[in-house]
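Data block below; observations after.
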Amino acid sequence: MAAGLSNKNMVLCLVLMIGSFGLCLVSTHAELRRFEQPAKTDGTLSFLVLGDWGRKGAFNQSEVALQMGRIGEKLDIDFVVSTGDNFYDDGLTGEQDKAFEESFTQIYTAKSLQKQWYSVLGNHDYRGNAEAQLSLHLRKIDSRWLCLRSFIVDAELAEIFFVDTTPFVQSYFTDAEGHTYDWRGIGSPRAYIANLIKDLKLALSESSAKWKIVVGHHSIRSIGHHGDTKELVSKLLPILKANKVDFYMNGHDHCLEHIGDTESPIQFLTSGAGSKAWRGDIKKRKTGGLKFFYDGQGFMSVQLTQDAAEIAFYDVSGNVLHRWTTTKLLYSSI
């Protein structure tokens, strides 16, 4: 367990031995559950980010997985982040759905990918049995799997705040286009969002991590098929700016994308190209801060040190398409 946990939070650490992974669940006054993820012995951190992937190996999912294994070994990754839409087309039917193993366990088989996977739900996951993806039963089938609605990963050098963005999108409630969503556990969406925002504000304001990262399924800024998510622009973005968040990572648009915010240091990073991509499906409106866009399949890597971050995007063959680095002032976390 990492040292230096805050006494003011009255921390109770429960070590959850899930297969070969020892996850430390930290209970605080805040509602968001917190998991401790040790960094490397030299204090650095590296991980892969993948979204919109679960198609039983089809649409180049297996090929992307192969390259993830290669890059994961090269970077000696600590874990994997999934930005949602984990199982297509309509999530899982239940805890016994074979699609879990056919789209996850049997696809991501490389040694380097046998690390903890931290996942959020996407809108397609809500179209199935959303509760199934959150169940302990799946963790018994494959101990790498950890999916919750919203939670925090404390990785020492960085804190990663996973946010359940699907209930923010009003059209899923008012114009479901023939789809059925599993809203069990949500209740009143207005109250659910208000409580989530309150908890996120508190957690971000209390964070002293060198790097603050927020992960959600839906984009805040994107020139892809779905474009900006207006509800996140109005409700979530101001919180990220106020709390000096470094990166917002998402899926939803089936592409790879990097947009720098024009009013703050926040970088919007889309990694939603884990299988089926949308060639040529680009919003034509001009977007300031656009640094990179690719409408094919691939994934993203993140490498962090105390004073620097490197983001890289890879295609289905493992070629680096875009690499971006930034440095952080030594006094930035004081």
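One-based numbering along the chain as shown.
Each residue, glycine too, has its Cβ placed from N, Cα and C.
All TrEMBL annotations are machine predictions without curation.
Record features, source TrEMBL:
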type	residues	note
BINDING	Asp52, Asp85, Tyr88, His254	Fe cation 1 binding site
BINDING	Asp85, Asn123, His217, His252	Fe cation 2 binding site
DOMAIN	46-255	domain 'Calcineurin-like phosphoesterase'
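Summary of the Fe cation 2 site environment: with the site residues Asp85, Asn123, His217, His252 set aside, the chain residues having Cβ atoms within 8 Å of the Cβ mean position are Gly51, Asp52, Thr83, Gly84, Leu121, Gly122, His124, Asp125, Thr165, Thr166, His218, Gly251, Gly272.
The number of other Cβ atoms within 10 Å of the Cβ belonging to Tyr88 (Fe cation 1 binding site), over all protein chains shown, comes to 23. The Fe cation 1 site, placed at the center of the C-beta atoms of Asp52, Asp85, Tyr88, His254, has further neighbours from the same chain whose C-beta lies within 8 angstroms: Gly51, Trp53, Gly54, Arg55, Gly122, His124, Gly251, His252, Gly272, Gly274, Ser275, Lys276. Counting only the Cα atoms, the space from His217 (Fe cation 2 binding site) to Asp52 (Fe cation 1 binding site) is about 9 angstrom. Ranking the binding-site residues Asn123, His217, His252, His254 by other CB atoms within 10 A of the CB puts Asn123 at the bottom. For the domain 'Calcineurin-like phosphoesterase' (46-255), the model's average pLDDT works out to 97. In this structure, the CA atom of His254 (Fe cation 1 binding site) is 13 Å away from the CA atom of Asn123 (Fe cation 2 binding site).
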